[in-house]
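Scroll down for the structure; my scribbles are underneath it.
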Amino acid sequence: LTQSTMETKPVITCLKTLLIVYSFVFWITGAILLAVGVWGKLMLGPYISLIADNSTNAPYVLIGTGTVIIVFGLFGCFATCRGSPWMLKLYAMFLSLVFLAELVAGISGFVFRHEIKGTFRRTYTDAVLNYNAQDEASRAVDYLQNKLRCCGVYNYTSWLSSVYYPSNGIPPSCCFNSSDCNPEDLRNATLAPSKVYHQGCFDLVTSFMETNMAIIAGVTFGIAFSQLIGMLLACCLSRIITANQYEMV
């Protein structure tokens, strides 16, 4: 072995170790995204159907992204162990694409947050006005009102102009005590306000979104910029191996 190769060997070993650790952490983020996507699909379906105009693909996007990251995280570990320059370059290229995609997603979410609120206001108002207690949108409204302990868009008065109210009154999902809430009371404009939640659902949901927007944006940008570390490690390792024609064992 030449002197330069002997000096380079510890550097390559160090870079390999760092890149394997990074790839493992990257793999974990993929597993988390996959888990969040599955949880979102199973648990947040009713909320998502109200927030989006049409049935959104957000959970599927998370599931797909998580799966791809898991595969490339394993590929990164394999490429590092093999010490293959072309594999490392491919891994760095993939990380750069993930970085750009996350950056675009994070900026879009921040820029269009007011549009998201406007869409939710419109879709939730439509769901309340056209409520029939049977279709998917109606079940989503009931689910939201039960879970968040809210009633109507801004308050219970939203229900007074709905197609459901004249014959059925305010839906039972608005009641804070279901055992003390009969259909006659819910049809009575004088009695009903004392039986239902006074907080509107729109304010509750949007305040939750705004409170957590900074956290979501911070996590997104944090993960995005972590890809730069992986790209740098992969490119450095590839260049050093190529320059020294170092055969990995």
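In case you wondered, yes, glycine gets a Cβ from its N, Cα and C as well.
According to TrEMBL, the cysteine that forms a disulfide bond with C174, out of C151, C181, is C151.
Applying an 8 A CB threshold to same-chain residues 6+ apart, the list for C174 (disulfide bond) reads Q145, C151, G152, Y156, W159, L186, K195, V196, Y197. Over all protein chains present, the Cβ of C151 (disulfide bond) has 28 other Cβ atoms lying within 10 Å.
Residues of the same chain lying 6 or more positions beyond the ends of the transmembrane segment (213-237) and with a Cβ under 8 Å from any Cβ of it are 12, 15-16, 18-19, 22-23, 25-26, 29, 76, 79-80, 83, 88-89, 91-92, 95-96, 98-99, 102-103, 105-106, 109-110, 113.
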